[in-house]
Amino acid sequence: MTDSTREHYVSLDHQDPLRELRAHFALPDGVIYLDGNSLGARPRAAAARAAAVVQEEWGTGLIRSWNTAGWFELPRRLGNRLAPLIGAGTDEVVVTDTTSINLFKVLAAALRVQAARDPRRKVIVSEASNFPTDLYIAQGLADLLQQGYTVRLVDAPTEIDAAVREDTAVLMLTHVNYKTGEMLDMASYSELAHARGALAVWDLAHSAGAVPVALNAAGADYAVGCTYKYLNGGPGSPAFLWVAPALRDAFWQPLSGWWGHAAPFAMEPQYRPQNGIARYLCGTQPITSLAMVECGLDVFAHTDMQALRAKSLQLTDAFIALVEARCGHHPLALVTPREHARRGSQVSFTHPQGYAVMQALIERGVIGDYREPGIIRFGFTPLYTSFAEVWDAVEVLRDVLDSGSHEAARFQTRGAVT
Ligand SMILES: *Cc1c(COP(=O)(O)O)cnc(C)c1O
């Protein structure tokens with residue numbers, strides 16, 4: 001049996017130690033879902049959990065549920081459950097707010113730490129190809145502070161070294177690039193930042209639940225990330241935030257709402273931050289959505305990030321090899337690094353008609369997504385993606401391209417969300 005037959009991939013599924021985990025997800029028939037990097041699939045348990053939160057905790061428990069159903073504790077309790085997946089310790093993580101908002105909080109805290117150490121450090125260094133919200137938040141914060149803060153963007157990771165200088169306060173990087181799937185070495189870039197007197201802020205949106213992350217061991221200073229991508233927390237589920245223990249109580253973050261107060265129900269007129277990670281909370285959380293995050297985390301309890309990483313690399317290797325072997329006569333160019341150490345859990349190709357190609361794939365049940373410029377993006381979630389699906393997805397791609405079906409007029413118009 002060679003790897004150019006579907007049977008080969010079916011046999012890989014039979015040998016896959018993670019194959020039972022797919023049963024934890026409700027995936028529709030007729031769909032090959034390769035967009036778990038944008039919105040994770042629904043854990044089966046989420047429907048019953050949502051019903052329980054709405055009917056029992058809210059409906060029957062009413063206001064009492066803040067105490068009796070653990071609502072008030074939820075951001076911290078979920079943070080503790082998530083911590084092992086990202087190499088963080090107990091009481092180091094909270095699940096709250098959005099990634100954009102959490103980035104604002106940690107960047108502001110990092111700039112204040114630096115202002116106390118060396119007020120000449122006014123530059124936030126990042127990559128131009130970083131996810132736009134990260135850049136917008138940094139720009140907005142620099143404008144708000146109005147003390148000469150600026151954002152310096154580099155065009156490639158190879159330029160980071162030269163860009164982090166004596167004027168640099170923060171090196172703000174996304175661990176796995178959302179477009180290319182390129183993964184950066186967290187330990188070496190954190191070390192580079194420290195060697196130049198800067199702090200390292202990491203966005204784990206495409207890493208948490210996708211690749212092993214070791215925040216403490218890698219010497220990171222701050223981190224944020226999404227729970228609705230590889231962690232399967234549901235659309236718009238609250239994000240997470242981590243701060244290195246040594247920096248946690250150095251300053252409080254600027255969104256100094258009552259949930260981060262030392263005594264929220266003392267109703268004091270003056271803000272006093274709590275000690276510990278809870279000072280990074282702001283206000284009342286969307287509890288129904290927050291509760292869903294736990295259903296996603298529950299699935300991770302059946303495995304570990306090393307096993308997930310091994311399967312993820314097998315899936316992405318197989319996809320790259322099959323696309324190149326079976327669709328190689330079409331103008332597709334791989335943008336994701338081939339080197340394992342530099343690859344996250346997604347594969348991206350460019351195609352001159354990338355948008356239309358992706359629309360044609362989606363109509364045939366192969367769901368990935370499209371990002372400018374010309375990039376078709378496929379996310380591989382080892383919790384539920386099978387090897388046979390990799391084969392089948394490439395066959396659909398080959399058929400779309402060979403038949404030219406993506407050239408149909410209906411695939412040329414764009415929706416608000418691509
Ligand atoms: C998905 C993603 C975000 C999303 O931020 P939200 O505030 O949840 O909209 C932010 N940063 C990166 C790097 C992402 O990939």
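Keep in mind that glycine also has a Cβ here, set from the backbone N, Cα and C atoms.
Bear in mind that TrEMBL entries carry predicted annotations, made automatically and left uncurated.
The model shown is predicted, which means the values in this text are computed figures rather than measured ones.
For the pyridoxal 5'-phosphate site, TrEMBL lists Thr99, Ser100, Phe131, Pro132, Thr133, Asp134, Thr174, Asp203, His206, Tyr228, Trp258; matching the candidates Thr60, Thr68, Thr284, Thr288 against that entry yields Thr284. Taking a C-beta cut-off of under 8 Å and a sequence gap of six or more, Thr174 (pyridoxal 5'-phosphate binding site) has these contacts in its own chain: Glu127, Asn130, Phe131, Asp134, Leu184, Trp202, Asp203, Ala205, His206. With a cut-off of 6 Å between Cβ and the nearest atom of ligand 1, the binding-site residues Thr99, Phe131, Thr133, Thr174, Trp258 reduce to Thr99, Phe131, Thr133, Thr174.
Taking the C-alpha positions, the distance from Lys229 (N6-(pyridoxal phosphate)lysine) to Thr133 (pyridoxal 5'-phosphate binding site) comes to 16 Å. Of the listed binding-site residues, namely Thr99, Thr133, the sparsest Cβ surroundings within 10 Å are found at Thr133. Listed in sequence order, Pro264, Gly283 are the same-chain residues six or more apart from Trp258 (pyridoxal 5'-phosphate binding site) with CB atoms under 8 A from its CB. When secondary structure is read from DSSP and collapsed to three states, Thr174 (pyridoxal 5'-phosphate binding site) falls in the strand class.
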